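What follows is a short report on a single structure.
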Amino acid sequence: MSLTGCLPPRPPCSMRRRTSGGGASVSPVVVMASTAGVGGIGNPTPRGKKPFAPWREVPPQVTHTLPPEKKEVFDSLEGWAADTILPYLKPVEESWQPQDHLPDPRSPSFGDEVAALRERAAGLPDDHLVCLVGDMVTEEALPTYQTMLNTMDGGVRDETGAGGSAWAVWTRAWAAEENRHGDLMNKYLYLTGRVDMRQVEKTIQYLIGSGMDPRTENDPYMGFIYTTFQERATSISHGNTARHAGRHGDAALARVCGTVAADEKRHEAAYAAIVAKLFEVDPDYTVRAFARMMRRKVAMPARLMYDGADDRLFARFAAVAQRLGVYTAADYAGIIEFLVARWGVPGLAAGLSGEGRRAQDFVCSLGPRFRRMEERAQEAAKRAPPAAAAPFSWIHGRQVQL
């Protein structure tokens, strides 16, 4: 899971309690950044003095909104998940490993292979390196994402750390597959000699220490919608990075990014299947959860990215990705439209309450609305002066146009 962010500016979420939804509470924990728009650098709050705290703060977050009776839904789907979702995982012995894509240190030609890798990587522009590093850093924050899945209510979390439920097995095995992504990209970038690995490693440590808040309220309906969206977005991002690498003459890097993108696509299919099943068995609550998730907008998992100096690092990384077409506001709109169609939201009829029908209308309107916003933003960008450049510590402080 990795992503840049490209959403229109959104004011901070205020503290609020729900009057429906099974004992919602407001958490005092400060864990994530407010949304920053692509094309701008954001407006971050200065870093506080607390050690290991996120570098900018947000209001307290709503937690535990899932009605207690909804646990029965996931209990009833345990067998279905074992039969339908676990087969999306690949056996370890049949899975690719990072070493399959890297020079073999046991080989007498190891030095020559590394030299060839470095020669290919020498042609990668700095802005492409920024996107590659940003994606890799996000992949390396995997402990945060597994933790996030295990905060969900409804009986889907891994209660013991080695639980035997299909939901627990999926979470651990999914994380094990995802773990290879950051490993591979990290080692590849190290071998290129093009980036400041100490700065990259600091960024990873800061990001894992800061955590994230996907605004899913510990609700697995919202959580699985969020993960479906993120996996699809990640597949798009890595796929576009692969195409950029190929155009700049690094076919090996293109294969690396393409391999990661294929994994993300498979994981997307699994999470999308879970949500499709929820639409089948509980359409009213599921469409309302979809609308709640989209009203908050999908907060990107690396939004608290920080390298120890640049308070605007994530916004700048996202701006570069938008400019290069690695992940854009148009992609965000396209994902909404795809998921609305994938889950048959326009055709929902039976079983919807008045609130459910309003949620249906809202969700179905989002894709076209975001596309219109993106078109206006593109027109404004054409009339605007060239974007400023900013230094990135990942590439030894060199300037990259935003």
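These residue numbers are counts, starting from 1, taken along the chain as shown.
Every residue gets a Cβ built from N, Cα and C, even glycine.
Sequence annotations record features per position, and here Swiss-Prot assigns region 'Disordered' to 1-25, 38-66. The transit peptide annotation in Swiss-Prot covers 1-32, and the record cites sequence analysis as its basis. The Fe cation 1 binding site annotation in Swiss-Prot covers E139, E178, H181, E264, and the record cites similarity to another entry as its basis. Here Swiss-Prot flags E178, E231, E264, H267 as Fe cation 2 binding site.
Features per Swiss-Prot, on structure.
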residue : record                   : DSSP (3 states)
E139    : Fe cation 1 binding site : helix
E178    : Fe cation 1 binding site : helix
E231    : Fe cation 2 binding site : helix
E264    : Fe cation 1 binding site : helix
Rounded Cα separation (Å) that holds between E178 (Fe cation 1 binding site) and H267 (Fe cation 2 binding site): 9
Pairwise CA distance, E264 (Fe cation 1 binding site) versus E231 (Fe cation 2 binding site), rounded so that it is a whole Å: 5
Candidates E139, E178, E231, E264: member of the binding-site residues with the richest Cβ shell (10 Å): E139
Least Cβ-crowded entry, counting other Cβ within 10 Å, from the binding-site residues listed as H181, H267: H267
